[in-house]
């Protein structure tokens, strides 16, 4: 689904089961977008749409707390850790700031604090967040944000950045200090790097942020050393007891500067809200002239004691706020409108534009979302239009400029047949979504389904990337997922740019994927609207593929995260003979699906019937894994502590939930004691 499709659904009239499914689907969608943005640095929706959807999810859950998803973006920051680097646990969680989008909202933040306060103001750099750990004043290691709990150890790459101190400039360094900042590439360096990349590698980065993030994730630090990356520090994380913390945020930044760190030369200390407005006005007008990209401004309460008093939410500090700039808009011309086909057959119109520079990037394509949007905005081929781009996303056409319309401008109509396979296109429930009915017979759907099948959270065939999938489909070497497991060395080496070593790596990766968990397999086969959370719930409920295949609608709607819409999709999937044939072919070629491990004792006297809250991070358990384990032995896992809570299971970096449990006298169980009870 697209953001507009989420907004178009009349959720206020949905039945409870449908509303729960809608909330779960929205939470899954936001988790995926968070992963694309924070981990892969490849967002596909704008920051503005993400923020609107996040607020929608917040509002829905506030009104329907019984439907709050477990481990959703409401509790997390960012996405999951990318494989390939050693994973390091943050000593102090890397949180993110709440966002505001207008001066009115910024004023509300200011007015909520019942004090006459100073705010430390600074630009919001658009780069890669990093945490650098120093031991006795010497560089120890560097870690990316990751999911906020743990990140990727990228020490060798970060050490190549010229302005990163390898030793703190002080004669009396603290025993331990964690400095946080943003790694960026300035605009001029970005243009120079892209010129080099285009000449030598025939590819370019979309923007400076992607260039910085991509550089830090390279395995060859010698290549990274040649790139003019820069670190701007904005604060500290963990620190040892011997560190003398300054009294104000502004003094902290000056201290970091004295240690040898670069801080923004556009920092400002506002003594009242009038000065905040002046700073906002100044930076908004100077933004385009800065040497580096910024996507907003950050405002922090200056007094450190007041920061401590105000405290934190699960997502981040309550004493700071990020103001996000509006997306950039420019004028262009629609040269043509083409229709693309997605994994589920959804038809998406895309405008081919007269190339135009937006935010330092040349844009020639923009999404039109759906045919209803085209008609609502009255966009025609040949029109002059306003194009908006925010971050590394597909730009969108905001509106047409009919006052400049030529007499030969063409009205855009939805095709009746698929532009790829010529199958009939059908409207879905009179909504904005039109779908190709070709299914596996449509090459576009086949390609996207296969990309989904091999993806990291599905079968995890990591060496079989999107471009190679496209090559294999175009060469008629694969059509259905099982065909992947029939590929041989000769077929792969016969493809363009596939050497012997690369081909063998692909085959090894395919072999490694032959024993997926049931949850992964359910997710991989691509049943419409089934995400990770739903796949886990289905796998844990049914326990085997055979039981899942025999699932009845009445049973499905009783499962957590499965509403009537998803239940219907599952039943329809298993009624399709081609789907059954595809799954049976998997089993015939030796795919061994691993069923969920059943707990020896279905119930545990320590947890059966108990209401349990989990807080903090754990060395031996993932949060989702622990939640599922506790549910499987009869516990009721909830997200908030109250008088009805029987126990709180507490990991590292526990926050307000632990404090509230202690205030209410609720039993607290530490990880060291948890194994014995389980």
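Any Cβ shown, glycine's included, is placed from N, Cα and C.
Record features (Swiss-Prot):
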type	residues	note
BINDING	47, 48, 49, 50, 51, 96, 97, 122, 145, 182, 300, 324	NAD(+) binding site
ACT_SITE	124	active site, N6-AMP-lysine intermediate
BINDING	418, 421, 436, 442	Zn(2+) binding site
DOMAIN	602-678	domain 'BRCT'
Of the binding-site residues listed as 418, 421, 436, 442, the one whose CA lies nearest the CA of residue 51 (NAD(+) binding site): 436
Spatial separation of residue 418 (Zn(2+) binding site) from residue 49 (NAD(+) binding site) - C-alpha basis, Å: 28
Nearest of the recorded positions (124, 418, 421, 436) to residue 300 (NAD(+) binding site), judged by Cα-Cα distance: 124
Helix, strand or coil at residue 51 (NAD(+) binding site) [DSSP, three-state]: helix
Residue pair residue 47 (NAD(+) binding site), residue 436 (Zn(2+) binding site) - Cα distance, angstrom, rounded: 29
Binding-site residues compared (97, 418, 421, 436, 442) - the one with the fewest other Cβ atoms within 10 Å: 421
Integer Cα-Cα distance in angstrom, residue 421 (Zn(2+) binding site) to residue 145 (NAD(+) binding site): 43
Residue 436 (Zn(2+) binding site) and residue 124 (active site, N6-AMP-lysine intermediate), distance between Cα atoms, whole Å: 43
Secondary structure of the residue listed as 'active site, N6-AMP-lysine intermediate' (DSSP, helix/strand/coil): strand
Cα-to-Cα gap, residue 418 (Zn(2+) binding site) vs residue 145 (NAD(+) binding site), nearest whole Å: 42
